[in-house]
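Asks: My questions all concern the structure below.
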């Protein structure tokens, strides 16, 4: 069991499974996964051993509520948003790398120097709501975001920024996010960059990726790298030359698979990536350019739009990495119709994935693996490779 004083003192119970031995956590998650697939014929599927995480220090991102006073800011959580007296400082949370604690100490000093009054939800007063810190494992560079109510403190922040950069030279991206609403909403739409660099470079398995301020990126780099590595190893076994990556984000799955396929089969690979976020598409396209992948087309569209496009060349492989709601019946039925040889399904919600697999009646699972992206909790991710059933 992790030695966590916050848990022991009942100050933070985010890690609901902290008292369960790690091996038992994996056993229970694997059992839960199999229960979600109980109605799917997995007799021919290869069940790989769960991909394990480090038990602590595995997170590359900290999301800290700011409370307290400008002289003595508290970075952590509010057990009761309407009562700032219940604030818990989580700067020593064992889920973060140990060096994050020293960074938080420097940021507390910066808050005072810049006069960033912590926002008080009950009184609806103050400026600084959250501090969001992300680290690149590949470069050890940092992205720092201040979530503020208004732009009022921007001149003071700019004035104090050189001193902050002296103390934290690894800061690559610094931005202000404006969230003016009096509500427990993490971030607003407007991002003001204080650095020339707007993306944080990361690298998994030799694939350059770029973390953007308002975008999704996995918070457990070791397990994320393992997830992408498994994906590329699984698909590289087959002669696949045309693939779609739906819900592609910054391109992690598609780029890993396209690079591996091109190296294995020695032919150009056509990759089409679909993602609703335009900034994610910019990041994915930049990665493809660095890799020298020429036949790549990342488009800022809703993944459901592929259903309407009847003229696209039919893919050999479709990768889906949907949000928790899954891909749904309509997209599942569309995949049954166009019948790619393979579907690679990555899910953060095995329950909705199980329902989707029931709709994918033309497919059978070949490989299944659990990835423990969120140790100390009941959550996990799963990767399934599906093959089109042969017609007798």
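Note that Cβ sites are derived from N, Cα and C of the backbone, with glycine treated the same way.
Heads up, here are the entries from Swiss-Prot:
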BINDING   4, 12, 15, 93  [4Fe-4S] cluster binding site
BINDING   218, 247, 275, 321  S-adenosyl-L-methionine binding site
ACT_SITE  348  active site, nucleophile
Asks: Under 8 Å between C-beta atoms and at least six apart in sequence, can you list the same-chain neighbours of residue 93 ([4Fe-4S] cluster binding site), or say none if there are none?
Replies: 4, 6, 12, 62, 76
Asks: How many whole Å apart are the CA atoms of residue 348 (active site, nucleophile) and residue 321 (S-adenosyl-L-methionine binding site)?
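Replies: So the alpha carbons of residue 348 (active site, nucleophile) and residue 321 (S-adenosyl-L-methionine binding site) sit roughly 8 Å from each other.
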Asks: What does DSSP say about residue 275 (S-adenosyl-L-methionine binding site): helix, strand or coil?
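Replies: Where residue 275 (S-adenosyl-L-methionine binding site) sits, the three-state DSSP reduction gives strand.
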Asks: 10 Å Cβ neighbour count around residue 12 ([4Fe-4S] cluster binding site)?
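Replies: Step by step: centre on the Cβ of residue 12 ([4Fe-4S] cluster binding site), count other Cβ atoms within 10 Å, giving 17.
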Asks: Would you count the other CB atoms within 10 A of the CB of residue 4 ([4Fe-4S] cluster binding site), including those on all shown protein chains?
Replies: 18
Asks: So for residue 275 (S-adenosyl-L-methionine binding site), how many other CB atoms are inside 10 Å of its CB?
Replies: 27
Asks: Taking only the Cα atoms, work out how far residue 15 ([4Fe-4S] cluster binding site) lies from residue 218 (S-adenosyl-L-methionine binding site), in Å, as a whole number.
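Replies: Approximately 18 Å lies between the Cα of residue 15 ([4Fe-4S] cluster binding site) and that of residue 218 (S-adenosyl-L-methionine binding site).
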Asks: Using Cβ-Cβ distances, find the residues under 8 Å from residue 218 (S-adenosyl-L-methionine binding site) that belong to the same chain and are at least 6 apart in sequence, listing them in sequence order.
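Replies: Correct list: 224, 227, 373.
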Asks: Within the same chain, and leaving aside 218, 247, 275, 321, name every residue whose CB is within 8 angstroms of the centroid of the CB atoms belonging to the recorded S-adenosyl-L-methionine site, in sequence order.
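Replies: The surrounding set, listed in chain order, is 216, 248, 249, 250, 252, 253, 322, 346.
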Asks: Beyond 4, 12, 15, 93, what residues of that chain have CB atoms within 8 A of the centre of the [4Fe-4S] cluster site's CB atoms?
Replies: 2, 6, 7, 13, 14, 18, 90, 94, 95, 376
Asks: Does DSSP put residue 247 (S-adenosyl-L-methionine binding site) in a helix, in a strand, or in coil?
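Replies: In three-state terms, residue 247 (S-adenosyl-L-methionine binding site) counts as coil.
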Asks: So what sits near residue 321 (S-adenosyl-L-methionine binding site) in its own chain, CB-to-CB under 8 Å and at least six residues off in sequence?
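Replies: 245, 246, 247, 248, 249, 253, 346, 347 - these are the non-local Cβ neighbours of residue 321 (S-adenosyl-L-methionine binding site), listed in sequence order.
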